[in-house]
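Undergrad: Quick one: the structure is below, and I'll ask about it shortly.
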Amino acid sequence: MFFSAVCGLSLEMVRSRLTQCAPAPPPPSLISSVPSPRVPGDTMPSSGHRLRDVEHHPLLAENDNYDSSSSSSSEADVADRVWFIRDGCGMICAVMTWLLVVYADFVVTFVMLLPSKDFWYSVVNGVLFNCLAVLALSSHLRTMLTDPGAVPKGNATKEHVESLQLKPGEVIYKCPKCCCIKPERAHHCSICKRCIRKMDHHCPWVNNCVGEKNQRFFVLFTMYIALSSVHALILCGLQFISCVRGQWTECSDFSPPVTVILLILLCLEGLLFFTFTAVMFGTQIHSICNDETEIERLKSEKPTWERRLRWEGMRSVFGGPPSLLWMNPFVGFRLGRPQTRPRKGGPEFSV
């Protein structure tokens, strides 16, 4: 009895000290509706941090100045628009990707295939390489211009939270950077300035995040680039053998020094592209089959969702049963309708 009384008195003294030192809490409605954002797998922040997050980023009301009408559009409206990130580094990397593919196509077509005396050799390899290049660039465009799964900005309003009809004790998280209700497995991208569903990573070579809605196009892009790189390396090897056995002046329309330089540069490009894209393709397939994004793997996040493993995961990303349509980057393509939208400091625009 004496020990219990002493413990109870000590706890009361600690509570009174903490009450005196703690800052004034924000309105209860804000705390109960939207706690501070927390990425699954991270340690739970202290109550003081949760209070500060809510105080700096309260729920938006109808009369706030935030332009929610332009940022929280409906899903059907967003699907009709083209997504593009205005990031300087990303745009430079995307242009470089296209230039390197065009350079490879130029060397293959004009240095190796057109001067060849074997007609069918030139036709077959020319059609094959150009088809791979077109599919690769088309996949690149689809990856770059497809919304990766961005959460609408500014939807953390009182009215929206009330419309969710949350159960007692149910927890939702709000991103303090884009002021949106963060779904499960969503992460905030500092370059896109948006929360992305199932964000895998931000790739500057496609100037976009790889997320829930464009991961299949990124996988196709890496696959077709790897295949075209292998094809270019094989053609370079055959061209070197042909030139060594015959006359350098006859195996190409360019002078021997220029031909050698162009072929060496293409070999280096093919090796670098194949190494990079083959590794990325393997990691993407591994992530899809294990239903785990690269961010979740690096953070060692314990899955709180029902995993879709192997073929079920592949079907969820590529859609439908296994077929040749999985390898078609034009599936579901439609032109977006032109729109002009005023946006306050946003990094993306819609066309």
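Cβ coordinates are placed from backbone N, Cα and C, and glycine is handled just like the others.
Those TrEMBL annotations? Automatic predictions, nothing curated.
Among the features that TrEMBL reports, region 'Disordered' is placed at 25-48. Summarising the annotation, TrEMBL assigns compositional bias 'Low complexity' to 30-40. Per TrEMBL, the feature transmembrane segment maps to 91-113, 119-137, 217-241, 261-281. According to TrEMBL, the domain 'Palmitoyltransferase DHHC' annotation covers 174-300.
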Undergrad: Give the nonlocal contacts of the transmembrane segment (217-241) in its own chain as ranges (CB under 8 Å, at least six residues past its ends).
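TA: Those are 101, 104, 107-108, 111-113, 125, 128-129, 132-133, 135-136, 139-140, 142-143, 146, 203, 206, 210, 251-252, 263, 266-267, 269-271, 273-274, 277-278, 280-281, 284-285, 288, 317, 327, 329, in sequence order.
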Undergrad: Counting only residues 6+ away from its ends, which parts of the chain sit with a Cβ under 8 Å from the transmembrane segment (261-281)?
TA: 100, 103-104, 107-108, 111-112, 219, 221-223, 225-226, 229-230, 232-233, 236, 239-240, 254
Undergrad: What are the helix, strand and coil residue counts for the domain 'Palmitoyltransferase DHHC' (174-300) according to DSSP?
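TA: Grouping H, G, I as helix and E, B as strand yields 71 helix, 19 strand, 37 coil.
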